[in-house]
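For A:289, A:290, A:291, A:292, A:293, A:294, A:295, A:296, A:387, A:388, A:389, the entry in TrEMBL reads FAD binding site. The annotation compositional bias 'Low complexity' is assigned in TrEMBL to A:515-530, A:537-561. As annotated by TrEMBL, domain 'Photolyase/cryptochrome alpha/beta' applies to A:3-132. Per TrEMBL, the feature region 'Disordered' maps to A:509-598. What TrEMBL records for A:320, A:374, A:397 is site 'Electron transfer via tryptophanyl radical'.
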């Protein structure tokens, strides 16, 4: 029987460690490598030019590599559901292979294609390689729910066998066995499109520092591993001003597009570590960044609303402000805080920023200063950030906005001090905001505090040449801490987010039975967990301990004797506690979290 | 006793459901109970088992009431349209003691608002039942104005607690001061037994506080008014002088005075339990911070030995000069932005009552010495949080050893800890866990 294979590239834009592609080649008579791209979608989608360029470069690289194997890449214009029936017939396809996509949208799309393939009598072969582990397996090992803390996740990974070993790259011999006739007009029909064809105007002065493609990825990997000192000492690289600039050994965009296999990266790190340190297996922390990625993929795989606040069971509902004007200032780097503006400029120009820089701007937009929804920030990153993956992007934004994953400790990054600490020289600012280049170091992170004479000497007057700060950070962080407290205190049995000096160590057992008139007059009223605005009780009781959500169940706990009331552990959470939580979905997430801790 | 429906009861009710629909008004009237105390329907619960005709409609009042107490307002409203009996229960005053008005505009908030019809119904029908009232408003001025409009209609009320809460930017500040003040004083004048008032970030002023004092001095226990720029030290002093039951107070540092502390320490005054002070500066050098005399703090502690004194600092480093030069009885300290090493050193020397300390940021110099001094001198310290600071792993271990098990909360960002020759991060985790007697990890942020 004739086997005509199609390998469908989506992510995983590489020939090395590509099991699905190997399956396509296995015993096949012909193989065609396909990428499906909708030029109309390209123009309308919320994806910026840098990300498109990276993708097209990766496709070019793939095509170049395939040419060396006497094959070509087929870039097919259209939508998968329209394209495949046509291809199946035209090419007489009998086997379709692709890499597993764990994200909800991808799973839905793939299920439809698999069904369609069945109808056409096409066998489908799917292999998981975008992540080290199968997210479903981790979920299964965590009692069928995704781990919601990184520690928990690590504990599970520790119990798992090592990721599968990577496969070698496709060889000429393999490809020769399933040569496909390439028509003369291949480029016309199936060539990699240009940015112009996708409707982007490209400027000649393109600054782009991240060149897409597998070839570049493997070169970078080698350079990355050359920094042996780092791996040998096994220390977190200490962040310095230099870390903020794009590094020639940075790999995250290549992992995102699958130009580099995460398993290849993993095993290279591991082997190097073991070679340099002839001792037991390397600690998990060696693979920090890879594991974070896995963590978010696992959290998102069964949650179609992972990128939304509403309807997302692990996301705390926070009354974010809706303020398009402020959002635009942030997104366009016009906040008046050089540290924030430089980062956003770098992001827009180059498509990559350091993870601490991501923390800084994400905190500023959400809980730290502007109190704008993380969803808005996530969308901007989706447009601009080369390595933005749906799961990792949404998950990180939830984390940094204190919306999920239960960050324990509430503190705001200072948009002045954090930058100064990271890069006291201010060179980073000067590179991305040249207007400020003549400011002395002392004022470069807070130009509005520079005396007029200094501003004049630097040829940049704040309020004229560079914006005034859009917000008073001291005042806004004071307010935002209060707001976060409001939110978290409504989740009555929640103790995760520690605000510390807000005296949040709620000790409900300290509350004595109420005896004054308000209680006596109506035994069924009001004093559910504490009087509405006052915890007039033991000295250790915090001032801000009201935990009820007023409209839901004013009298919920009156049937429980006061003496029984205490900080309820999740395992013994009586239903009355649950009723006090306004958003049941939140309660679920929080309980999960606490289970995690046990 | 907690109420629950067992499987049998649930089935009975389900079976009864269809009958409820044929429930006639006359039956309802026959069984109507007018009293509002729940006790009167005690008999209902025994009847429930024996009744020949168990229907949803003749569930005893107190049972329905009990169920309703577990439902959200929206669910109660839906349930109230099931039958007349349930509708009666819906209006029982017990269910209207506590209400949170949510006022948001679609353009500025993701949240829904309390329906205008419901607001009207509450004002007409349940205003006199309201006791615990709060308003949550978004960042839009209109929302804050709507809240003021409702406040000014709460005439026939006996409100005990009132909270005005801005969920985003503080929009009450944008309402005209006269509008706000007149609305607020309506409540102050009409509800004469207010015990708790939260009016942070509002344009409340001295005259309105006078009205508050004149009408509620016997009952007032809590007053939170951080960042209320129209109140003067004299205004708050007047409250402290007259309201002897005040137990909890939150204000900005510029309102704190020696006189205020002495007034709160008078013989007539009950023990103060919580004093929260926000120290905020707009721009470096523009605000001069006064000092409080040690004798005034001493007087307060003599009078209220258990008082929690919580201070939030949002200052520039150079503005810390006036603080903690002498012994200060502060218990909880939060530094929202960079704090000088020098200041932290003084805290170790002069804050013997310190319980919790948060340092969000500091310079690049390790804080080893300062922390060790704090561990040594602040014997009550049980919680600490460190953000953008640096401590060597050895210094941190020393700190943890000195504090030991009394550290109930230890939130340290991973980046804070600098590995040295003695400890790396992995070792720190196990060593600290050993000394705390529980599993401990530094706090992490995703490397993304």
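In case you wondered, yes, glycine gets a Cβ from its N, Cα and C as well.
Location within the structure of each feature annotated in TrEMBL.
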| residue | record | Cβ contacts under 8 Å, 6 or more apart |
| --- | --- | --- |
| A:289 | FAD binding site | A:252 |
| A:291 | FAD binding site | A:150, A:153, A:154, A:157, A:284 |
| A:293 | FAD binding site | A:131, A:255, A:262, A:389, A:392 |
| A:295 | FAD binding site | A:147, A:150, A:153, A:395 |
| A:320 | site 'Electron transfer via tryptophanyl radical' | A:309, A:366, A:371, A:372, A:373, A:374 |
| A:387 | FAD binding site | A:252, A:253, A:255, A:256, A:352 |
| A:397 | site 'Electron transfer via tryptophanyl radical' | A:362, A:366, A:374, A:375, A:377, A:378, A:381, A:403 |
Original post:
Of all the recorded positions given, A:374, A:389, which residue's CB has the most CB neighbours within 10 A?
Top reply: A:374
Original post:
Hey, which of our recorded positions A:291, A:374, A:389, A:397 end up with a Cβ under 8 Å from chain B?
Top reply: none
Original post:
Taking the residues the record says bind FAD (A:289, A:290, A:291, A:292, A:293, A:294, A:295, A:296, A:387, A:388, A:389), how far apart in Å are the two Cα atoms that sit farthest from each other?
Top reply: 16
**OP:** Could you put numbers on the helix, strand and coil content of the domain 'Photolyase/cryptochrome alpha/beta' (A:3-132), residue by residue per DSSP?
**Re:** 60 helix, 29 strand, 41 coil
Subject >> Reduced DSSP assignment, residue A:291 (FAD binding site) >> reply: helix
